[in-house]
Every structure is written in C-alpha cells, then in structure tokens.
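Taken verbatim from TrEMBL:
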- A:7-24: transmembrane segment (TRANSMEM)
- A:30-51: transmembrane segment (TRANSMEM)
- A:63-81: transmembrane segment (TRANSMEM)
- A:101-120: transmembrane segment (TRANSMEM)
- A:127-150: transmembrane segment (TRANSMEM)
- A:170-191: transmembrane segment (TRANSMEM)
- A:224-242: transmembrane segment (TRANSMEM)
- A:262-286: transmembrane segment (TRANSMEM)
- A:298-320: transmembrane segment (TRANSMEM)
C-alpha cells in the first residue's frame with residue numbers, strides 16, 4: 001500500500017485528535033497520559049529535526065535543552081509553591097505557576113544556551129560535533145546532579161500542575177489539548193521554515209556548504225540560528241514534559257534521552273514534517289506494550305532500531321509512502 | 001595537605017588514565033582504520049567484566065578470569081563486526097551512531113537477562129592485594145600499581161604492534177588509503193575484523209581489571225565510554241598517541257579536581273556545601289578541558305583530520 005505523504009500526515013493528526021477523545025468517552029485517563037507523553041516527545045523531536053533533518057547536524061546533546069526547559073518550569077514553580085524568592089542578580093521574583101510565562105522563560109533560556117553551545121560546537125563537524133554535543137549533555141547532567149538547592153540527584157517535585165487561563169490543567173484531556181495545540185503550532189512553523197528562504201539555505205548548507213558560501217551566504221550563521229530555534233523548541237517540550245510528570249530530575253539531561261530523541265526521528269523519517277510525530281507515537285506504544293510483556297523491552301527496541309538503520313531507508317514514512325529518501 | 005596525599009592522588013589519576021587509555025585506544029583505532037564511531041564499545045567493556053566475574057566465580061582464578069574477559073570481548077567484537085558493523089563502514093555517521101546505540105540496548109538488556117540486575121563482585125587476587133611501600137614511605141595498593149603497569153605495558157605493546165609489525169603496517173596503510181591496500185592484496189575485511197576484535201579485547205581487559213575495584217553491573221560501560229570519547233576528542237580521533245596523552249590528562253584532571261576543588265572551596269564556603277560544589281565542578285572539569293582544547297585545536301591535540 002502506498003500512501004501520499006500529505007494524506008498520511010492528515011491521518012496522523014486525525015488519530016491524535018480521535019484517540020484521546022475516545023479515551024475520554026471510554027474513561028481511560030491513562031491512555032490520554034500516554035498520548036500526551038507521545039505528543040510532548042514529538043514536540044522535542046520536531047525541534048531536533050530542524051537541526052538534524054534540515055541542517056544535517058547530528059546533535060547528540062539535545063537533552064540539554066529538554067532538561068533546561070524542565071528545570072525552568074521546576075525552579076519557577078518550586079519558588080511559587082514554597083513562597084520563596086528567586087534571586088536573579090538584577091531582580092527578584094516569587095516564581096510563577098503561570099504556564100505561558102514558564103514557556104517563555106524555558107524557550108529563552110534554552111535558546112540562549114543553544115547559542116553558546118552552538119557557537120563552540122559548530123566550529124567542529126562530523127564525529128567531533130557528535131561527541132562535543134554529547135559531552136555538553138554530560139556536563140549539564142553532572143551539574144544538575146550536584147545542584148543541591150534544586151533537589152540534586154533526587155530532582156524536584158511540583159505538587160500541582162501549573163495554570164493556564166480558562167483551563168483546568170489537572171484534567172488530563174485539557175492538558176492534552178494544550179500540548180496538542182502547541183505541537184500543531186510548531187509543526188506549522190516547521191513546515192513554513194522548511195519552505196522559507198532560510199530553510200532552503202539551511203538545506204543547501206547541509207548538502208553543499210562550499211557552494212552556499214560561494215553565493216554569499218554564511219553557513220555557520222545559518223546553522224547557529226537553526227541550532228538556537230531548535231534548542232528553544234526542545235526547551236518548550238521539556239517544560240511541558242516536566243509539567244506532565246509534575247517532576248524534574250537530572251535524567252532529563254541524560255545522554256540516553258538525547259539518543260532516544262534521535263531514535264524517534266529515525267523511526268519516523270529524517271527531515272519529514274511528521275517524522276518525529278510518528279516516531280514518538282510508535283516509540284511510546286512500543287515502550288508501553290512491550291514493557292507490559294517483558295521487562296527487557298529494550299532488547300526488542302534495539303533489534304527494531306537496528307533493522308530500521310540497516311534495511312529501512314527513510315523511516316516509517318518512507319516505507320508507507322514509497323519515497324525512500326536517504327538519511328542525512 | 002601532605003605531599004604523600006598528593007602523590008597518592010597522582011597515582012590514582014594515572015591508574016584511572018591508563019584504564020581510560022585501554023578503552024580509548026580501541027575506539028580511536030576503530031575510528032582511524034574503519035572510520036566508524038562505535039558507541040557499543042562500552043558494552044564490550046561490560047562483557048569483559050561479566051565474563052571475568054563469571055569465570056572467577058567458577059574457577060577462583062584471576063588469571064583465567066582475565067583470559068576469559070579478553071576472549072569473550074574479542075569474540076563478541078568479532079561477531080558484532082561480521083554481523084552488523086561491517087554494513088556500516090560506508091554509512092553516514094548518523095547511521096553508525098544509531099546502529100551502535102541499538103547494540104548497547106541489546107547488550108545491556110541481554111546481560112541483565114542473563115545475570116540479573118544485581119551487581120556481581122570480582123575479588124582482587126591475594127597475590128596482588130594489600131599495600132606496597134613505595135620509596136618515600138608511601139603506602140599504595142599493589143593492585144592499582146599493577147593496573148598502571150599493565151596499562152603502560154599495553155601502550156608499549158600497541159606502539160610496537162603498530163610501528164614494528166606487518167599487521168601494524170597494514171593498519172597504518174588502512175588509515176591512509178583503504179582502496180589501495182585492498183588492491184595490493186591485503187584482505188581488508190579480515191583486517192577490519194581483526195582490528196575490531198583487538199579494540200574489543202582491550203575494552204574487555206579494561207572492564208575486567210576495573211571490575212575488581214568497582215562492582216560489575218549492567219550499564220557500567222556507558223560512563224566510561226563517554227569519558228573515552230572525551231579522551232579521543234582531546235587527543236585527536238584516530239591517534240593512539242593522542243589517546244594516551246588524552247587519557248592521562250583526563251584521568252589526572254578528574255582525580256585531582258575531585259580532591260583539590262572541594263579543598264579550594266572550603267577556603268570560602270562551609271564544609272558540606274564546599275564538598276558538593278567542588279565535586280560537581282570537578283566532574284565538569286574534563287568537559288571544560290575538552291572545550292578549551294577544541295577552541296585551541298578543533299581536531300584535537302594530535303588529530304589530522306575531522
């Protein structure tokens with residue numbers, strides 16, 4: 001069966017709308033939580049897809065931004081729930097439980113960090129880039145472990161989910177609606193970005209950096225901007241993920257998470273609009289169903305992943321649409 | 001702080017460094033010769049440790065355990081190379097990263113399946129346990145001193161292998177121009193399997209040797225793997241000499257930082273907080289070192305190509 005990619009994308013969105021609605025009617029709140037988890041992971045991976053899919057940079061440290069988003073939420077909400085002041089040098093705040101502000105802070109901080117990490121690591125390429133981003137991830141991981149003020153190794157628990165005006169975020173479907181809307185917005189932006197002059201130039205920089213340079217564009221600047229946008233989106237996802245679990249811990253910075261984000265994209269299809277979304281849904285489904293069958297579900301994930309890398313070019317989307325695009 | 005403590009810590013740093021070298025040498029050889037980035041190298045380290053612990057548990061002999069570690073890791077390496085890795089040599093780095101990430105998942109969970117989640121223990125042999133007195137009256141564990149000796153012996157052995165033997169000539173030629181040496185009649189796929197098994201054996205040896213100091217458990221390979229990456233990035237990917245220098249630098253920075261930074265912070269902080277901040281910054285120290293090296297030389301200290 002060969003599907004048109006647009007058709008497949010529409011089907012995916014419809015599924016993400018229908019499944020939670022069914023879960024509400026069937027009174028299956030856990031299913032909603034699972035789908036929410038998939039949507040948030042997809043959001044993080046869409047961020048990574050800008051760098052990996054369009055820009056061709058294999059960042060093995062995107063958990064940094066995911067973790068920063070998580071800690072931005074954790075720290076702001078922690079100060080709000082304990083009524084303690086958060087000293088920020090120039091000014092003091094009481095923290096906040098207001099989601100839009102948390103998102104903004106998460107995106108700005110992770111974007112800033114992405115700027116500095118990008119500035120350093122984009123000096124290198126190939127294997128060096130993979131390893132240096134991995135090392136930055138570990139650096140943040142160890143920093144979070146030792147940050148005793150915010151729970152250190154044990155992490156931070158936030159007792160009540162943060163607020164969004166007009167919604168009760170503690171009801172699973174309402175929180176899902178927020179995450180789903182954000183995913184749609186970001187997907188729309190991704191599609192626009194991919195088709196924009198910037199996206200085309202970035203794509204060209206991946207395929208032929210020297211040519212891009214010869215026509216007067218600066219590949220380094222293109223890649224850095226992409227890295228910052230990507231970091232900010234993954235940071236937003238991190239804030240939502242922390243809100244979903246009402247818990248932040250150093251594992252959000254772990255290198256396994258960076259690896260899993262790449263895996264999501266590969267399962268779905270590199271550089272494809274809905275690649276990360278399909279990948280995240282498949283991943284969460286595997287995690288849930290295989291996890292119920294056996295404690296050793298990672299073995300099966302490993303085998304599946306190996307088969308996709310060795311035999312399945314273009315991920316699931318490539319398989320379903322018959323357009324087997326090459327990997328990056 | 002006494003000079004004895006400082007010398008002890010330097011020895012600890014050296015011991016850590018040479019063990020990292022065993023890991024990093026294999027990684028860097030595999031990258032240099034085959035152009036492959038192998039995340040599953042940490043799993044081979046783990047396999048070595050588990051094989052050693054299992055054999056030592058049955059026979060009680062440490063020497064047999066070491067031989068088992070070398071054999072098991074080399075065998076696992078050779079099999080993995082022939083079944084999976086071989087298909088990845090011409091693949092993009094992303095594919096290599098993912099496939100070897102998948103191998104980590106399979107090896108880690110497979111080992112958990114076989115041995116369970118509880119750590120195993122590998123005892124230091126009687127002949128090597130206990131302290132020795134070094135000149136200057138320093139008492140230092142004999143086993144750790146042996147590790148330094150083994151590590152340096154392996155370094156010399158590797159140098160001799162690469163610079164002085166026929167296999168070494170083929171390895172160096174393989175780094176420079178693989179088509180040419182294939183055309184000259186060297187069986188390149190056999191050479192690749194051999195180099196991969198050699199790297200795996202070194203990782204397995206490191207796993208078994210370190211396993212006697214720490215516990216042998218699933219997931220023990222990955223932290224070491226990442227440190228070994230830092231080592232070869234600092235040293236220059238593909239350079240065995242760079243791996244040795246990088247490993248010693250990382251080993252010393254990590255160990256000495258872990259001891260001296262908390263002391264430094266105690267000068268202006270209360271004890272508990274100083275301990276925490278100091279050891280946190282110390283664990284970040286090697287990454288800072290790597291960052292500095294890369295700013296100075298983007299391809300590492302001895303690296304020629306990206």
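Keep in mind that glycine also has a Cβ here, set from the backbone N, Cα and C atoms.
The stretch in closest packing with the transmembrane segment (A:127-150), judged by the count of Cβ pairs under 8 Å and taken from A:7-24, A:30-51, A:63-81, A:170-191, A:224-242, is A:63-81.
Here the transmembrane segment (A:63-81) touches the transmembrane segment (A:224-242). Their Cβ atoms form 3 or more pairs under 8 Å, with each pair 6 or more residues apart. Listed stretches A:101-120, A:170-191, A:224-242 were compared with the transmembrane segment (A:30-51); the greatest number of C-beta pairs under 8 angstroms is found for A:224-242.
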